[in-house]
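Structure first, commentary second.
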């Protein structure tokens, strides 16, 4: 097996003698790091939305609800696209370009919250782009699974999903903390003023992860490899004729779907009480 080029040749994780375990675990580490950031992006709005009215926006409870819900809606649509990408574009490009895509909602929200005249449709659009973070999940998991033998795929993917999902908690936990001071390097950006209260640096939440996602992209493009697994769109849609696909989909909606939906509204629940 040759692992010196971007596309691996002779890759067979089931062959214990030739399987490069270091490459596999390195791939898992980098993709999981990027997934943490992805889930932070997915729940970025849930950390920002509760503070929008405090800094001068005039949004109803319904509008705030839809802002926090929009990333979940777009996530479902984005996942339909991402599920076909791993065998088409490969792990290296999938993780690298996805990490760069996360810059769109980050930078967008960084500027949007600084201007209270930003229209609601623009805020909805920015919230929609946050769904890229959650949608990429359906591409990350299979692209990592290519590198592990079946006996270890469960362990590897459980680690990736479990640790990656921490991004949801990270953004909601440190978001309020980051709003309390000017970040080093961007102290020239004036804080938003909360009424009543004092200054809030709401834009910090959006910009804080920018350097990290750039690092993730660099690591992906320089250290990850592609497994020569090729399948076009037509070959992959056969899964829709399998009844198990629909059974698992329903179970997923009722479990992770409910969890992610309630989590998105967690930050603004106090503002949305009737």
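Heads up, the Cβ atoms here are built off N, Cα and C, so glycines get one too.
According to TrEMBL, the feature transmembrane segment maps to 23-44, 64-82, 94-112, 118-141, 162-189, 201-224, 245-266.
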CB contact flag for the transmembrane segment (201-224) and the transmembrane segment (64-82), at least three pairs under 8 A: no
Stretch of maximal Cβ-Cβ contact with the transmembrane segment (118-141) [cut-off: under 8 Å; candidates 23-44, 64-82, 94-112]: 64-82
